[in-house]
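For 10-19, 998-1013, 1045-1075, the entry in Swiss-Prot reads compositional bias 'Low complexity'. According to Swiss-Prot, the feature compositional bias 'Polar residues' maps to 1015-1025, 1076-1088. The domain 'Myosin motor' annotation in Swiss-Prot covers 40-720 and rests on sequence analysis. Per Swiss-Prot, domain 'IQ 2' is recorded for 745-770. Sequence annotations record features per position, and here Swiss-Prot assigns phosphoserine to Ser361, Ser742, Ser782, Ser1211. Look at Swiss-Prot and you will find Tyr363 tagged as phosphotyrosine.
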Amino acid sequence: MAILKRTNRAKAATAAAPNSTGKSNGIKKAVYTSTRKKTVGVDDLTLLSKITDEEINKNLELRFRNGEIYTYIGHVLISVNPFRDLGIYTMDILKSYQGKNRLETSPHVYAIAENAYYQMKSYHENQCIIISGESGAGKTEAAKRIMQYITHVSKSVGTEIERVSEIILATNPLLESFGCAKTLRNNNSSRHGKYLEMIFNSGGVPVGAKITNYLLEKNRIVNQVRNERNFHIFYQFTKSAPQKYRDTYGIQGPENYVYTSACQCLSVDGISDEKDFQGTMNAMKVIGITEPEQDEIFRMLSIILWLGNIQFQEGQDGGSVISDKSITEFLGYLIGVPVAAIERALTIRIMQTQHGARRGSVYEVPLNPTQALAVRDALSMAIYNCLFDWIVERVNKALVTSDNSVSNSIGILDIYGFEIFENNSFEQLCINYVNEKLQQIFIELTLKTEQEEYVREQIAWTPIKYFNNKVVCDLIESKRPPGLFAAMNDAIATAHADSAAADSAFAQRLNFLSSNPHFEQRQNQFIVKHYAGDVTYSITGMTDKNKDQLATDILNLIHSSNNEFMKSIFPVAEESNSRRRPPTAGDRIKTSANDLVETLMKCQPSYIRTIKPNQTKSPNDYDQQMVLHQIKYLGLQENIRIRRAGFAYRQAFDTFAQRFAVLSGKTSYAGEYTWQGDDKSACEQILKDTNIPSSEYQMGTSKVFIKNPETLFALEDMRDKFWDTMATRIQRAWRSYVRRRSEAAACIQKLWNRNKVNMELERVRNEGTKLLQGKKQRRRYSILGSRKFYGDYLSASKPNGTLWNTCGLSQNDHVIFSMRCEVLVHKLGRTSKPSPRQLVLTKKNLYLVITKIVDQKLTQQVEKKFAVSSIDSVGLTNLQDDWVAIRNKSSQNGDMFLRCFFKTEFITTLKRINRNIQVIVGPTIQYCRKPGKVQTVKTAKDETTKDYDYYKSGTIHVGTGLPPTSKSKPFPRLATGGSTAAARGPRPVVQNKPAATKPVSMPAAKSKPAPMANPVSTAQQTQNRPPAPAMQARPNTTQAAAPVTSTTTTIKQATTVSASKPAPSTVTSAASSPSNISKPSAPVANNVSKPSAVPPPPPPPPAEVEKKDLYLALYDFAGRSPNEMTIKKDEIIEIVQKEPSGWWLALKNGAEGWVPATYVTEYKGSTPQTTASSTNVAAQANNNASPAEVNNLAGSLADALRMRASAVRGSDEEEDW
């Protein structure tokens, strides 16, 4: 079955089969599927490299212990019961599988449901999902999850549609209560088989459903194994019955009834009977079971419970009598019949003889206590069985559809699994027979599908041997030769009245089956070799269970009841003179199984094979032997081999091409599917470009087949790596984009905020200019364009600051203006002199703060405090002076007269707080120095004072300022059309490192790594480097001795410096440039001037002896640029310059280079003395060596000097171009 591509689920599912030519419908985009998470092991067992039962078991265990309970075999799902909630059934996970194919998602029961729903909707084919496995393996849970998924994805708007979906979901709790019970293997074991067929219209919307019931284990009503329980509904009803039922039906606790307490297990861990009873009642309400119908249902349950409490004792005539007559009296009330009729039906059996077609005599045969108990139990089982059938029919009635647009259906089969007990009887034979039929369908349909696909695709394959269990099915159901069911029917017909005789006759007829290799007969037992293992069945009582008929007197008792509901649920008794043999239980089972097989054969099947990991129901235990046995009898190995018979993987051309197109440059570009030819040729091109041998694949008519799973692994791995690379590129581009966007946004915000602040500052400044416009001469600095009114120049608004505490401000006091100022201090007999003060203005008060020494400590005190609301006016002169008079109408200490350099800002701020303040400008200023005493201050022009004023003898002397009509210049703006950096102009080069004595111009140094305590790798050293210091040359006595010109030559930089990290500029002395060194010319005859009589200068004094700063290399360091030195561990080098950045300039063999400071340590050995000259260094270092060694050292040093001089000249030549 091909993996389908979900292109458009909304389209009508009328698409034809895949085009054999594989012609593409235009360019399509390759989609990166990221929904599939990484898994452990292999999620498809067909991809196992080694196919054995042990390898299958190992892979399932590995996934089980990692919480991966689902695994594929192709399209077959293997489910291992986790016995815990893994959180894998949430609504988000459910939605993640909607519209996805198997390759796009991890194995899950939702994927099986999605595939079945899509196939049904797209191709109008009936689907069925067959869930098989042993009891406790999780079949019922899987069926519930499938119903949950399908009802969700098919949900549509409409009252009727929503009602149908709700009823379908409500059938689960209802049928679980009446059809499930606690067993030793499973706390919620299905004791019946159920086939739910969901019916959909052409739009894929559910319009109805039908439930078919199989094999209800009615024997559980009267008999349970120790530590098992009866059906859940009995415990729910007896624990949580409403009071009206307790009063009407006499309901008591479960411990008071034999049918519920004999097993000695009234409660189960993890099951709340009270809560489940409410769920059952809600389900009945949703389905539409009326309250009178509910009353009758619980009446039948009450009858069964009270029947179980009837006990018999032996009578005088050898018959039996009822021990407690009160129970039968209450049962007569519940059933609606006389008490005597109940006692007669339970203790007496009516037998009738027959002579051919004539009716014979009628006899009343008394029953002993054992026989009476059997009749009681038969009645109880019959009531419950008929009640269960009625509930199923009632649900079907609620789900019946009136929609004429019925299209297709999806069937979900949940039937209890293969059973092997210590004592196996007729019930286990029927259950195992049905499982054999399902196994037969699985094998035939799986093999048939594979065969048809290979034939259709013209692919040759080798058939795989497998066990065909048809022989086992024939052993049970065959008529000729007679099988087990036929032998039982013959035995019943021979000895109808006597069960023991019938069992004996059945045992004799089994001798005819002894030649069957799958059958063995033993004393009073027989063995059937099923596909799941050998099962030993007991013959005792098997024929009686096969008859499954109520006695005539019991049926007569039921139909004599005045309860119409009870009579309606029981079938009408057949006429006693009918010669036709009534069908036995085996006949009904065989008919139901064949009908089920016929229904399933008309559908496209999907399979879920459930596995139980342990018998303890523990979430942590994995019984390898137990699972291995299930793997074997489920035939998983054969299924894998059938799936891999020819090829482990097959896919349609278009899907394969679109999935793996990225692996070929001819079929895709940048992740886009660009192939213009047909899909088949695209697949061939992809396989060719990925170097897949032709022996590893074959091309069918519409699909590509890959032989080994390793080939698929290789393709998937290459595809993952491609998308990983693409994802990395996208992430890198996205991060770069986000960073640029963030930086741009930050720049815009910064500029906008600055512009916004500047606009506000400019507006306030212009307001002040307007306030004094045409009234007062202006100072030159007052109208500068860069002048801004910041206000709090003394940071008085800082909480707990000096001025804050001095003025006693609180959090609610906002400082608007603070400034240093001067006030006139009046002294007796002398002119007043300005004295410094601090001015603080808030929205409420104006403070004048004085600083003075108190007790030899410098302290601050509030000298004056004015309420802003009490200020009447402000006085100024009409000249450019800075004196201001603040007149306080309610002041007791006089006004303030002070000099404030930012007077315009101060007055503007004051005016904005109190609009009633008058600004008085004139040639004089009047203020009250003391209360009631007016002082007049005059002004006088003095051109000797240009930019300042002074006070003397009541007169302010000031020079002529700018005209009163002067306006403030506009704020400076950034250059239009240029960037911020361009507007600021070129950034000056920052010299980070000290200049050397005679620097040598080198190419711009690369960034260096920060020094580390331990050696780091090369990759680590390339990150976060600070700029390295420029290379500097050591003094060279040879060059220094040569005459130099006095002309300074500009040296061009040899390399281009990065804009983001400018290299430190170096200034090269003319003396260090070889091009500027004067070379002595050769002597020329007759043209050489005579030497001067002046004697030559004396030779220079010997250089001072300096001590070498030697260091020992701790680690190896490999230089990666020309200005870095390569050093080896334990090598001794000389450090000539240390930089705080962590890079030191080292000297070794006459060559210099930078090394990390953390890679070297101070050398503690003997330090030889040397001169500054490199030549003398070499000589003194080798003064104790042999002549040969001295010559070698001298030669090496000379070579090093020549190389260094050549390097210097080369560098200078590069800078001259």
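Quick reminder: no glycine exception, Cβ is built from N, Cα and C everywhere.
Because the structure is a prediction, the values reported are computed rather than measured.
Positions of the features from Swiss-Prot, shown on the structure.
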residue	record	DSSP (3 states)
Ser361	phosphoserine	strand
Ser742	phosphoserine	helix
Ser782	phosphoserine	helix
Hey, what's the Cβ neighbour count for Ser361 (phosphoserine) at 10 Å?
9
In the structure shown, with every protein chain counted, which of the modified residues Ser742, Ser782 has the densest set of Cβ atoms within 10 angstroms of its Cβ?
Ser782
Rounded Cα distance, in Å, between Ser782 (phosphoserine) and Ser742 (phosphoserine) is 39
Quick one: pull the CA-CA distance for Tyr363 (phosphotyrosine) versus Ser742 (phosphoserine), whole Å only.
103
Rounding to whole Å, the Cα atoms of Ser742 (phosphoserine) and Ser361 (phosphoserine) are apart by 106
